[in-house]
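Take a look at the structure set out below.
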Amino acid sequence: MQLLVTVILTLWVSSARGQVNPCEFPEIKHGLLYREDKYRSYFPAPIKQWFYYSCDENYVTPTEDFWHYVTCTQDGWTPEVPCRKHCDMPVFENATAIITGKPFRPDDTLDYQCLDGYENRDGSKKGSMVCGEDGWSHLPTCFKSADKCGPPPAISNGDITSVTLKVYYPWSTVKYQCQAYYQIQGPKYVTCSYGKWSEVPRCIDPCVLSEKIMKEKNIQLNGKYDKTYFIKSGNSIDFKCKSGRKAVTSVESFQALCLEGKMEYPTCK
């Protein structure tokens, strides 16, 4: 009987404590409790107890004041979301906001219009941006119509790696590549800037092995080259004299270097 009474009293005391002090230390997402080190020992807190807090950058309190307070209730802390994300009015370049307001909440939309003589990438004059948890979905990209570029320049024995468009907007970038065995020289990436493309690369010719010349020079390939007939510019290939023949040119000449489609062959007799 005494044990039963003890258990009942223990449960009643625990329940009473739960009603009086139902709030543990508040973990404020994107915010900070005022002097939390000092007040941490005050928890669990009783009902109606309140504490000041502030929000991190780009977050605001429900009243949009710098300081606000959380209050302990029977159901926990209120407000349930102490700090809400907001987006400041962005700095527009070549555009103006159609409507203004501050701050903007998540999912709020801000409409903008390009200045005269400017347009978006899709050719439109207007656009919208959305406030999200990471800030604005994008910033206006209004460009001068005259700053657009046509298709990128063609190069011999090479091409761009993407589908060619009729129009490219400022700061668009394309990548060039050369045909097999051709060596690219210059920038692989070129950019549209103020209506013109930056410098394009060129494709350097490879050297083509000539069996006729090798026969005339009494030489053959030295090593396994898997029936190589093309050598990229800047690469070298080893030769040796055919059986029974002797070198006429220097030892160094038997390691022939290809330079822009030209190569000196060694000679044997």
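Cβ atoms here come from the backbone N, Cα and C positions, even for glycine.
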(message) I want to verify the bond table. Which candidate from C192, C203, C207 sits on the other end of the disulfide that TrEMBL records for C149?
(response) C192
(request) List the same-chain residues at least 6 positions away in sequence whose Cβ sits under 8 Å from the Cβ of C149 (disulfide bond), in sequence order, or say none. (result) V167, Y168, Y169, P170, S172, C192, G195, K196, W197
(message) For the domain 'Sushi' (147-205), what's the mean pLDDT in this predicted model?
(response) 95
